[in-house]
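J.: Starting off with a structure, shown below.
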Amino acid sequence: SICFVSEQPIRASFKCLHCLFIGASVCVQSQLPSRVQESYSVECMFCPEDFWSNQDRTACIPKNVEFLAYDALGIPLTVISVVGASLTIGVFVVFFYHRNTAVVRVNNSELSFFILFALILCFLCSLVFIGEPTFWSCMLRHTAFSITFSLCISCILGKTLVVLAAFTATRPGDNIMKWFGPKQQRAIIFSCTLVQVVICAAWLIDAPPYPIRNTNYERSKIILECSVGSSLAFWCVLGYIGLQASLCFVLAFLARKLPGNFNEAKYITFSMLIFSAVWLAFIPAYISAPGNYAGAVESFAILASSIGLLFCLFAPKCYIILLKPEKNTKHHLMGKEKK
């Protein structure tokens with residue numbers, strides 16, 4: 001092995017070989033004065049933190065800087081996000097145009113519009129994970145997705161409670177539906193989402209996320225990523241969303257066999273299964289994902305769960321509205337259509 005210094009090859013001594021095993025070091029020639037003649041020795045000089053040695057270990061060069069950019073990984077995530085948001089807006093337009101039809105009215109049009117609005121935000125908030133991390137983008141990443149998902153699941157939870165109450169109030173004297181009127185539904189959504197807002201506010205005040213330059217994963221690269229700041233707050237945010245989804249799944253599962261040709265509880269149950277499966281798979285993938293891939297994993301989990309909710313909850317309704325308008329009647333949906 002030879003170290004090239006000042007265009008003159010020097011036979012590698014033990015120190016030069018040692019430099020070759022230390023990635024961030026270069027071989028340098030130092031001149032030591034002597035009474036008889038000048039002598040030379042080969043020593044190791046460590047490069048600055050943001051630099052790396054070249055292949056010949058003769059100079060320090062800047063390290064490559066990596067982050068989740070608009071490249072082979074970021075562009076597909078961006079396309080999926082924009083397409084998902086566009087599809088959700090399209091469903092919103094379809095529902096608004098057919099807002100007086102049976103499918104939209106029977107399944108609580110106001111909550112459906114709330115869910116669609118929340119899903120649009122869910123799709124768009126995945127874009128915050130793409131690009132060079134900054135102090136503001138790091139704070140916005142986790143708080144935006146947690147609040148929007150909490151809003152979405154809160155709306156689905158409110159809808160599940162309404163479905164369960166509507167089908168269980170079979171006796172003429174039952175007044176259970178008075179506890180699930182429009183004002184009560186809005187109160188449920190607001191209170192459930194407010195809990196998540198409070199958790200996020202405490203997170204940002206105590207230990208907010210911040211950008212870091214990670215050199216531990218690969219010493220020849222600088223990976224720009226966001227530190228969560230407080231791991232406890234991060235897992236509390238995810239845990240609260242999981243608690244909401246679990247409660248929604250249990251209630252929808254109990255109501256899945258209630259009468260009616262369009263019992264929405266079945267679709268809510270299936271949507272919560274997909275949602276839970278995505279985020280249960282996300283946890284080990286996020287923990288083991290190296291560097292900037294952690295942000296890509298979280299962005300993918302957001303998009304996958306949003307797509308699952310959109311198709312499970314609204315594809316059957318759009319199918320009836322657009323392709324089977326003859327079934328878009330109250331009698332058919334309630335299972336009272338004459339055979």
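Each Cβ is built from the backbone N, Cα and C atoms, and glycine gets one as well.
A TrEMBL annotation is a machine prediction, not a hand-curated record.
From TrEMBL, for reference:
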DOMAIN    73-337  domain 'G-protein coupled receptors family 3 profile'
TRANSMEM  73-97  transmembrane segment
TRANSMEM  109-131  transmembrane segment
TRANSMEM  143-167  transmembrane segment
TRANSMEM  187-205  transmembrane segment
TRANSMEM  232-255  transmembrane segment
TRANSMEM  267-287  transmembrane segment
TRANSMEM  299-322  transmembrane segment
J.: Out of 73-97, 187-205, 267-287, what stretch is closest in contact terms to the transmembrane segment (299-322), meaning most Cβ pairs under 8 angstroms?
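T.: Answer, by Cβ pair count: 267-287.
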J.: Per-residue pLDDT averaged over the domain 'G-protein coupled receptors family 3 profile' (73-337) comes to what?
T.: 83
J.: With Cβ distances under 8 Å as the criterion, find the stretch in 73-97, 143-167, 267-287 that has the most pairs with the transmembrane segment (187-205).
T.: 143-167
